[in-house]
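**Q** What Swiss-Prot records for 90 is active site, nucleophile. Annotation source Swiss-Prot lists active site, proton donor at 164. The domain 'UCH catalytic' annotation in Swiss-Prot covers 6-214. According to Swiss-Prot, the feature site 'Transition state stabilizer' maps to 84, an assignment based on sequence analysis. According to Swiss-Prot, the site 'Important for enzyme activity' annotation covers 179.
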């Protein structure tokens, strides 16, 4: 990574993620929840509408480099995409991708920091957005506070964790995988607000076929 800055990794835990995003100003009526399986009866347990899916998977270079989907370098301006330059910040980058691409769906408190962060970074390109996050002390502090809130002991910021967060989002009828370490957003076909969760589940199945440890 271009930056030597490192954060403490986030735990994949809805309680942790919800405290984080609600402190940043996401409406309390919206929450992260666990998805317990990809079968229709388990997906039916997920509250609707589902605005985004955050996926955590083993960070194995041999499998991660096997691209699923196709890069789209000429993606629409309405898709918010940022690079990741902070070590262990993939949880926050996935959250930013999930929230920023649902600004028209999820209310945000204008007095809280995420709304300000979004307004400042929307005009920037992905590299500039990453640089802004590096320098945003409030985002860093919010991440650090919640990284200590998990059910397991938080690793040190210097630890190289063997897992990675990405976000799956819907934008203009297309399902995108947003990963700040990749060269561009990855397209996974068409979707809609009504079918997003089921379509995203099909993408997750492809991840699982690539890496059975997921």
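Glycine residues also receive a Cβ, built from the backbone N, Cα and C atoms like all the rest.
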**Q** Do you know offhand how many angstrom separate the residue listed as 'active site, proton donor' and residue 84 (site 'Transition state stabilizer') by C-alpha?
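**A** Cα to Cα, the residue listed as 'active site, proton donor' and residue 84 (site 'Transition state stabilizer') are separated by 12 Å.
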**Q** Using Cα coordinates, what distance in whole Å links residue 179 (site 'Important for enzyme activity') and residue 84 (site 'Transition state stabilizer')?
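**A** The Cα atom of residue 179 (site 'Important for enzyme activity') is 8 Å away from the Cα atom of residue 84 (site 'Transition state stabilizer').
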**Q** Roughly how many angstrom lie between the C-alpha atoms of residue 84 (site 'Transition state stabilizer') and the residue listed as 'active site, nucleophile'?
**A** 7
**Q** Check each residue in the chain of residue 90 (active site, nucleophile) that is at least six apart in sequence and keep those whose C-beta is under 8 Å from its C-beta; list them in sequence order.
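**A** Result: 9, 84, 164, 165, 166, 179, 180, 181.
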